[in-house]
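Features reported for this protein in Swiss-Prot:
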REGION    1-218  region 'Interaction with IRF3'
REGION    163-191  region 'Disordered'
ZN_FING   188-220  zinc finger
ZN_FING   280-330  zinc finger
ZN_FING   349-409  zinc finger
BINDING   369, 374, 389, 392  Zn(2+) 3 binding site
BINDING   397, 400, 404, 409  Zn(2+) 4 binding site
ZN_FING   445-474  zinc finger
BINDING   445, 448, 463, 466  Zn(2+) 5 binding site
């Protein structure tokens, strides 16, 4: 489009605005110019020249990287494109010089209205393309000046220049008085102090951590000038940021102290109770807050009765969590203080006695007092030959594994051999056990060497003395030295899907 055609369109639009506004002198002026230029026009009366009701405009926004998003703007059909650019700038921070609007499949100019492009009802669409700002230098003063010029154009003042009061005569430049020949007129304007946003190129103040327009972070390589002095606005902002940081640190400290006190109070309790309604996975009872116990190690929740029954029926010193389903068996253990809080004093003492008995039976260096019904026992070493029971005070011989007071070891063993020849019942029992061992109906425990027998069922048995799990078909321990689940030793049944023996009947 050449300059003459562009000027004619601007004069035609100015004529339309002057007629719509009732400005006769301006209308005569614009009509006279158009007539002198012999510009062909088409005049059409519109029933609604300047509608003022608000409508919803659907805008598709695209940037230089082909990123697209749809937004909705509340506008009026009589708004100019310049006013629309200002609205987007105020709402989203994109300067007007970076906005390129396409309405009705053609580029829209600033002085044109939305109504002239067919934007008249809700749902009408427009397209906004955001230009790259890398080659543009923007600052607050320039943005404010451009906005004021667009507001003046909307009011009908175009190409406005300020004239001084007085006669319209050219003012001659003042002669130089105290200036040497060759001296420059004025120092060049210093560049604005601050950092340029890499996204929208807005010049921000040095102390600002993010762009005031698009909130992009300040470049890491930027250094605040050492001689820079913040103005009053910056000092107020910095003081506000310091106060907000101080309040944040104070609230964080208070929250940490509160959490610490809460953990201390919780740690001082023997049992952790539930805070929400739950269901016991064992008996399926619905439990209100405070009625169930949450295990500390695995966080599973049960009623007190089910946990008490689990502890009483446990054959191990460490009580396992009773949670189990079709795919998972919890390996967690109940803590000692949880067990003590759940049981009565009598039941807790029995539980401790069970643990002591298990520890005694599983040790190869333990010895139990031979006095009938005496509970005394000890761990012995190789250089110790006698054990004085602290319960019955009898002296046990660790070499003979018996009590033979007033006799030495040789005298006791000779007497024992003599009595064995005359004891028919003892001899018959010994012969029967030998036959059972030879025929495979019994075996020695691989841990404590007592004779154990399988009555029926699968090939898994447990020693009644040391509680060692035994594989009957291999005549050895079921698990490795690590206990249940350790397949580094034992019979290693079902490892890689292979049974431990061709005759295995499931030693689980």
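Even glycines carry a Cβ here, placed using N, Cα and C.
Positions of Swiss-Prot features highlighted on the structure.
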residue: 374; record: Zn(2+) 3 binding site; Cβ neighbours (10 Å): 15
residue: 389; record: Zn(2+) 3 binding site; Cβ neighbours (10 Å): 20
residue: 392; record: Zn(2+) 3 binding site; Cβ neighbours (10 Å): 17
residue: 397; record: Zn(2+) 4 binding site; Cβ neighbours (10 Å): 18
residue: 400; record: Zn(2+) 4 binding site; Cβ neighbours (10 Å): 17
residue: 404; record: Zn(2+) 4 binding site; Cβ neighbours (10 Å): 17
residue: 409; record: Zn(2+) 4 binding site; Cβ neighbours (10 Å): 13
residue: 445; record: Zn(2+) 5 binding site; Cβ neighbours (10 Å): 19
residue: 448; record: Zn(2+) 5 binding site; Cβ neighbours (10 Å): 18
residue: 463; record: Zn(2+) 5 binding site; Cβ neighbours (10 Å): 20
Whole-number Å distance between the CA of residue 448 (Zn(2+) 5 binding site) and the CA of residue 374 (Zn(2+) 3 binding site)?
20
Can you tell me the mean pLDDT for the zinc finger (188-220)?
82
Minimum Cα separation from residue 445 (Zn(2+) 5 binding site), reported as the residue among binding-site residues 374, 400, 404 that achieves it
400
Excluding 369, 374, 389, 392, please set out which residues of the same chain place their CB within 8 Å of the center of the CB atoms of the Zn(2+) 3 site, keeping sequence order.
370, 371, 375, 376, 390, 391, 393, 394, 396
Treating G and I as helix alongside H, and B as strand alongside E, what does DSSP give for the zinc finger (188-220) in helix, strand and coil?
0 helix, 7 strand, 26 coil
About how far apart, in whole Å, are the alpha carbons (Cα) of residue 374 (Zn(2+) 3 binding site) and residue 397 (Zn(2+) 4 binding site)?
16
So among 389, 392, 463, all listed as binding-site residues, which is physically nearest to residue 409 (Zn(2+) 4 binding site)? Use the C-alpha atoms.
389
Spatially, and counting Cα to Cα, which of the binding-site residues is closest to residue 392 (Zn(2+) 3 binding site)? Options: 400, 404, 463, 466.
404
Which are the residues of the chain, 397, 400, 404, 409 excluded, whose CB is within 8 A of where the CB atoms of the Zn(2+) 4 site average out, their centroid?
399, 401, 402, 403, 407, 408, 412, 413
